[in-house]
Structure formats: structure tokens, C-alpha cells
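S.K.: Pasting a structure here, questions to come.
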Amino acid sequence: MGEELKVIVFKLGEEEYGIEVNKVQTIERMMPITRVPKTFSFVKGVINLRGVVIPVIDLRGRFGLPESEFSDQTRIIIVTANELEVGFIVDSANDVIDINSDVIDSPPDVVGGVKAKYLRGVARISEERLLVMLNLSEVLNRSEIIQLESLEG
Amino acid sequence: MDMNQYLSMFIDESNDHLQALNENMLELEQTPDDIGIVQVIFRSAHTLKGMAATMGFEDLSSLTHQMENVLDLVRNEKLKMQDYIFDTLFQGLDALQAMVQDITQGGEGKADVSSIVSSLQAIVRGDFASNEAPAATASTTSQASGGAEINLDQYQYSVLEQSITEGHSVLYISVAIREDSQLKAARAYMVFDLLERYGDIVKSSPSVQDIEQEKFDRSFSLYYITQKEAPELQSMIMNLSEIESTEVMQLDHETLNQISAGVQEAAAAAVAEPVQEANAENNAPSAGAEKASASAKAEPKKAAAHHSAAPSRTIRVDIDRLDVLMNLLSEWLIDRSRLEQLASEVKRSELTETVEHMSRVGSDLQNIVLKLRMVQIDTVFNRFPRMVRDLAKSLDKKIDLIITGAETELDRTVIDEIGDPLVHLLRNAVDHGVEQTAERIAAGKPETGTVNLRAFHSGNHVFIEIEDDGHGIDRSKILAKAISRGIVTESEGAKMKDEEVFMLLFAPGFSTAEVISDISGRGVGLDVVKTKIESLSGVVSVESKLGKGTKFSVQLPLTLSIISAMLIKVGSEKYAIPLSSIVETGLIQRSQIRQVHGYTMIPYRDAHIPLVSLANLFEVPGYDENAEEESEIVVVRKGDRLAAVTVEDFIGQSEIVIKNLGKYLPAIQGIAGATILGDGQVALIIDPNAFIK
């Protein structure tokens, strides 16, 4: 029997993703974002979260998914990992569930759209419901992006 | 027991104690006879030893123990402070400091201190190799062994000698009072009273005054001229109550000569004061032994009295927590302004009054939080007296450091950065500013040079001045060197004002030291100081009068986390430009813009300066300035180079709180950080330096 995990569930398009609750600081509604020039295209800018300036990332852009308009459901999930504080813009976030680490399978070799290295694994919650568990330190890893940028530039 | 949780406390307190030890030792150097200070030093050392032992830092505690042994002798007046002892104790302090530093960086606090320990042990044994006048050594050792002899001045010596020649009996008497005596001074008085009935006391040790005030251990000794014989007097003294022992020795020319060895030195110095005091004078440090430095001595004493009278009641707070508090407060201020807005719409008097009261409390809160971040510059200044002392000693100069305004407060962020530049300027004043003693005397100046270190507030700035009364800066020498280094041409130099010439000192690669000493000419010049101070948004300037002295002034903002800025608008975006780098704002016609060598330039005064378009540089969406006929510009400065930045509109001047963009974002060229505006929006702070290559 593996350990019990509390997971925040959010959606990008039709897909459901999970982040462990202890990595999540708060979930905020959409708020004004100040654009920061000359940075990665998926960095939407910075927000004022109770007096602290925090960069926000469009998670769709980060995963190479097509970007979409923000709606009433759009949320900013503030996560803390590797001493970094970052906000993720997601389509919606409205669930907290308990899963057992046993039900997390290692990421399949091919996962549609999202690069496998960003994934910690896929949790099977029910027959129809799959949850993509994020590997936060990879999502927030900058070195790979910087390499990509310099290749393009 | 897990020691880690106590470690930071230990480090903090050790540093406090070491600082206090350093300060008090310096003060003791000025007044070597003040046993009160020795007591304070001893207590500090004792606490430090205890703490180190509890934490298991054996080397630290054993070195402190050795120092304590020396201090204990001094405290009990069995040892007189002198240069050699000061130097050794200071060495010990330096070693302790290094150990604590090591512990701070995660080390074990181990160090090889055997040479210092053996020096300290030698001092305790009394057989240290001192280069002091023999008189001092003699008196020290003799006092350590129980006060067997007293130094005489020339007058007293000749009186005694004459008495022997005339056939009087000259006696050397030492008396020890019983240990359990409750009234030592009274018993001593009885002895004096008895002796005075039968003859004359020429000199006693300790002095009669000290004995009256019970400032002696148990024994005292004196020179006595009488008609009576030694044995008779001895029994008379022993008949007094509570006298443990007495020794009466008849002196002839030879024994008198032996016993008061060292009197010749004093005689040669032709000092009328008792020899012991003369020694005290000799022992006083070169840095500030002069009577002329009365003001300097008064200052620290006042401060010390202040410290001991009212120990400050403080707690240590992690600066990060203060930042959190500040953030919460700015959040609260934003809500407050919304509330004010709502209240004005609702127009209900109770609500309006409550909101008004809340606003007042809010302003007070804001003030207090800002003040919490303020630290007295004292924390930087307090390491300087010791530094100047050591420097003056190694350069063989006499220098008084006079500190004023140490209570001036500056933001923590500035305090942390300002130490190094000040060290540099002070070293410069001591090394290059103040002349050698002989040179000073030749110039008709007091032997002891003075270096003033002042801090004071003025408006939104703090000024720090370092002024010496040395030989000043020679305009022609500096110009000659600047010309030879190709920094200026001869014709340029001739036109320069004195101040401009002095500022050449801060040019990169300029050092006036003819010989590179290990004190200030370490290959890095004043240009480093200037760069550092400018990075703190400060300004440094220099004034000098040849033969009179030099003054360096440093002007610093009160805080680095709050700056004055010009808020500007480009398209829908707002940016802040630090006021410190703005020269002026203005308006240009688009037709004035020229392309020169592929650069966009505009005429400004009688020159052309590069023009940077903020909209283009930051790729501001939805704004095209080329469509306009004229553009608002901000002229910015980096050093002496200028550039113009086009903006759409000026919003106004404002005090802003600087925040960083978070660790995730890479360093972005042209962006220095962010700030939160009154409406809660984030605005980016522009770093104009990046626009000027």
C-alpha cells in the first residue's frame, strides 16, 4: 500500500491534471497581469499577490498547447517548488481528491501533446477518469527552455 | 541536546560580546587606569567563555580563559596595562573573531592560537619580553609580587638621599593588614597617624588618597624619614590592632639606589609627576594619547555611560518577516483606499468617520513598519576605532578618530552595503591624508592627526563625511598623473575646477600612492568606492585645501527599498524610472531625430545623444509613437554619459517600494524590478543604465 496523497485537480482543455496539495499555496481568480517584456512567451507577466510580485505562466503555452481566452473559470494556481514561487494559469480548478500513490503509473512513452518529462505519472481514478500528475520541478526547470530559446535565436 | 537551535543565538551574542570587548579595550587604552572598564571587559569575556564552553567550542573557550587570566590580574591591580598587553589581548580578540566567523560559516571554530596563548601565559607569569621602559616592567613585576618597592621621582629621591647624608634614618616600611579586617582604611590611617608622630612620610604606595578610599588590597608600603630605629618602629606598628605583618628596612645610599631603580629614566624625562603616572602616559597608545584629544575622549565615555545606564530593550527580528509585514501593510493600504472610495459613495457619517480613523491608524502603522527597518549607523561605525588604531600603529602615526552622529539611522539594505566603501575612504584618510608625525610638527600642526567621521540626516538623504586634517590634495600632482595616464589632456586639465580635478581620484586606474602599500594601494583605487556608492544611488564628492586637509562626502538615500521615481505611460502600460538617474524631461519634434552611423540620435544642448524608444525596446503592444509629431523624452544619465528615452506620457513623481520579480524570471535587460502602484497594479521599474552602453 502506497502513501495517501491529497491532490488539487485542474483542467487544461479536456484533460485533467493533478498537483500535490502541499505544493500549492493558494488558488486565485484571474487578476490584472503586468506584462514583462523580453521573457519567455508563456510567461504572461507578473501579478501582485498580497504585496508580493509573482510571475505567472500560462500552462497551456508551457506545454505547447494552443492558448485560449481567459474565462470566469480561469484560475491562477500559486505553487511553490525549489524555492520558486510561480502562478500557473489554468482553465479551471475545482476539485481536491485523495489518491493512493499506488494508482500512479509511470508516464507512458507517448502522451498526447505534453512532453513526458513534465509528468510524474498518470493516476487512474476510475475507468473513465485519468489524472495527469505534474512533475513540478521539471515544469519549472528553466535551463531546458533557455537552451531552446538560444537554439531558436 | 540539539545545539543547532542555539547556534544562531550563540553567534549573535558572541558577536555582540566581541564588539563590546573591542570597544571597551579601545576605551581602556585611552584610560589605562580605569579599573571599572576592566571589570566590564572581564565580565564580557567571562560570559563569552561560558557560552563557548556550553556550545562545545573548546578552542574558543580556552583562549578566552587565558585572556581572562590576564584581565583578572589587571582587575585586581596586580598587573598594569601597557602596550604589549593591549597588543596581545587585541590579537586574542582577532583570533576569537576569526573563530566565531568560522562557526558562522559552519566550521568548528578551531584555530591554532598557541602563540597567543603562550604570550598570554607569559604575561600572567610576568616574564614577558616587553620593549617598554625598564621602569614599567620593574614596577609591574614588583607590584605583582606584593608591592615591595615604590618608584620615586627625582625630587623625592634627592630628599631621601639628603636625609641619609645628614644622618637621619631613612626607612622602607611595608605593612600588611589582616585579611579579616573590616576597616582596612581605618587601620591604614592608624599606621599613618603613628608614623607621622615620629617622622615624615615621603611617599607611599598606593597613594594616601587611594588608601583613604580603601583602594588597596591589604598591604601598602612607604618611604619614611625619622630619628627612630627600625626595630623600635616595627614593634610600634605591630602593636596596632589587625596588623598582620610589617617589614621595616633601613636604607643607605646603595640600597636606596637599588630599590628605586628606574628613577633615572623618569628624571631624564624631567617629569614632575610621580613615576607611575608618567608610565601611564608612556603606556597610553599612540592613537590618541594627546591631551588635545579631550573631545574625542569625552564622546565615547558619554556613549558608554549611556549604554550602561539604559541597556536597550530589543528583540532580533528576521528581516524577511519585516518584509512580510510590509507586504501585508501595502495590501491593507490598497484596501483602505477602496474603502475610502466606497465610504464617499455611501455617504454615511459613521462609515466615513470609521474609515477616516482607520486611515490615520494606517499611516501610523506604515511609519512604524518603515522605522523598524532602520538601523543605527553605529553598527557600521563601531568597527572603525579599532581599525584606525591598528592602521595608525602600523604606519607609526598618531591619529584621533572622532565619530559623531553614530545614532543616525539608515535602512538595513543600505547599512549592509556601506561598510566597505567607508573602510576604503578611512584607510585613504589615514594612509594618504594624515602626515607622518615629523612632517606635522614641521608644518606647525598638532602632533596627533584628527580624522572626523560624521553622519547626519538632511532631507531624504544621509550624509557621511570623512575629514582629515592632513596635507590635503595637490592639484598639480593629480593633474600631472592624470595627464600621464591619458585620462585628461593638458588643455582640459588647465580649464578644470579644483573639485573636478579632485574627482579624477575616482577615475578608474588612478591611484595616488607612489608606493603600493598593503593598506590602501592594493591595486584597487577609489573608483571601486565610487562605483559601489553609485550602485546604492549615492553620490561621493571631495573637497580639499592644500596643507589643511581633505573631506570626502558620501550622500546616500535613506533607504534602498523605497526610491523616488517618475511614473510614465507607454501605450496601456505604466513604468517607473528612478529619479536618481533622470537628468530632465522634455519634448522633441520627431523631425529632430537623426540617424547617425546607424544610431538614432537627437540634438541635446550642444551635442547629440542617443535616443531609445521604450515602446520599441519593450515591444509595447498597441502603441505607435512614429505617428506622433512630437514625443515626450526623459534624459537619463549613467556616469557622465546621457541618453534620451521616448515615452508616451508622464504620470508624475512618486515614492515607490522596490520589489524583485521573483527567482523564476531571468534577469531582463532594462528592468530593475517591480513596484506596486496605489491601485494594486504592478509596474515595472526601468533600469536606465542598461540603455547606455
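Backbone N, Cα and C atoms are what each Cβ position is placed from, and that goes for glycine too.
Just lifted these from TrEMBL, have a look:
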type	residues	note
DOMAIN	B:1-103	domain 'HPt'
MOD_RES	B:HIS46	phosphohistidine
REGION	B:272-310	region 'Disordered'
COMPBIAS	B:272-297	compositional bias 'Low complexity'
DOMAIN	B:303-560	domain 'Histidine kinase'
DOMAIN	B:562-693	domain 'CheW-like'
S.K.: Take the Cβ of B:HIS46 (phosphohistidine) and count every other Cβ within 10 Å, whichever protein chain it belongs to.
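M.R.: For B:HIS46 (phosphohistidine), the count of other Cβ atoms within 10 Å is 16.
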S.K.: Where does B:HIS46 (phosphohistidine) sit in DSSP terms: helix, strand, or coil?
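M.R.: B:HIS46 (phosphohistidine) sits in a helix per DSSP.
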S.K.: Counting each residue once, how many in the domain 'HPt' (B:1-103) are helix, strand and coil under DSSP?
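M.R.: Result for the domain 'HPt' (B:1-103), in helix, strand, coil order: 87 helix, 0 strand, 16 coil.
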S.K.: Under DSSP, the domain 'CheW-like' (B:562-693) has how many residues in helix, strand and coil?
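M.R.: The composition, in the requested order, is 17 helix, 76 strand, 39 coil.
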